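Each remark here refers to the structure printed beneath this line.
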Amino acid sequence: MNHGWENLDGNGHYWPSQTPGVPSSFHAGPSDPLVSPDFSGWCARGTALVKLIWKPALLLHVIVAVPTLVISLPAQNLLEREQSTFTIALDARPTGFPPVGDLAVAVLVVLLAALFTGALYLIATSATVQLVIQAATGRPVELGNALKVALRRTPALFGWGVLAMLLSVVAVLFCILPVIYVAAVLAVLPVVVTVERGAGIGRCFQLFHADFGVSAGRVATVYGIALGASFALLVVSTLAHAGLGATAGSATEVILNGLFSVAFGVVGTTFLVTTYADMRSRKEPFSTAYLTAP
């Protein structure tokens, strides 16, 4: 049982006890659409919210996927072509070092493309968070309003995202286990930055450790399913490269990655919002009522 979760309902679930001076509506209960007492409740709430927001969320992520595909595919093809040219030149002059200018340009193009498409995905993720909040708080699920909020939060999202990448690089330098830990902690970073102004990486660590078991279980489920799907797509992409050639294989890989991003953006983001709600409710008085303000 979580500290402070002392009220037992008729189904055998514990809920937070009332905090003096805090309205009862600001404490989670059995009818809360975001906060769950256990894993099955988390699954049920996440599934219910996906059903409410999937149409506008799917439209949004498909719209984002189109420029992502248009930009990523030529950049990926350019990089593979320059890598092949560099390898051929290196084999032809094993004692020398071939020019790297064109390869460096290709790498720069890929990095710029990744930054641009990553920014688009951050905006889409933040807007999806807002769609989930709209649905959970009983407001009309409107993509336009969700995008307005997401665009206002974009600078903060991008800044914290860059810091998160740097933190991940530091974790890589230490070992694989810190990488997994940091990735798990930062899973709800887009939700935190979208919902809580001024909060970022430090807040993610606080929420994650409020109830380590609940946090780790929720995040591991989301990431586990995502990793399983990614592995399946990797197998298909590898077979496509082997059977169709480099160009067609790269196109297949980019398209499959785009489809995965769309699916995760709709479903995964929704479950990360409910994960955030469960984390926060274990740390402090919290319910969906806190999110009712536009």
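Just so it is clear, glycine is given a Cβ too, placed from its N, Cα and C backbone atoms.
For 57-75 (among others), the entry in TrEMBL reads transmembrane segment.
The transmembrane segment feature in TrEMBL is assigned to 103-124 (among others).
Taking Cβ pairs closer than 8 Å, the transmembrane segment (157-174) reaches residues 118-119, 122-123, 125-126, 181-183, 186, 189-190, 193-194, 200-201 in its own chain, all 6 or more past its ends. Residues or ranges marked as transmembrane segment by TrEMBL: 157-174 (among others).
If you look up TrEMBL, you'll see 180-199 (among others) marked as transmembrane segment.
Taken from TrEMBL, the feature transmembrane segment applies to 220-242 (among others).
Residues or ranges marked as transmembrane segment in TrEMBL: 254-277 (among others).
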Which of 57-75, 180-199, 220-242 contacts the transmembrane segment (103-124) most, counting Cβ pairs under 8 Å: 57-75
Same-chain residues at least 6 beyond the ends of the transmembrane segment (57-75) whose Cβ lies under 8 Å from its Cβ atoms: 106, 109-110, 113-114, 116-117, 120-121, 123-124, 127-128, 131, 143, 147, 250-251, 254-255, 257-259, 261-262, 265-266, 269-270
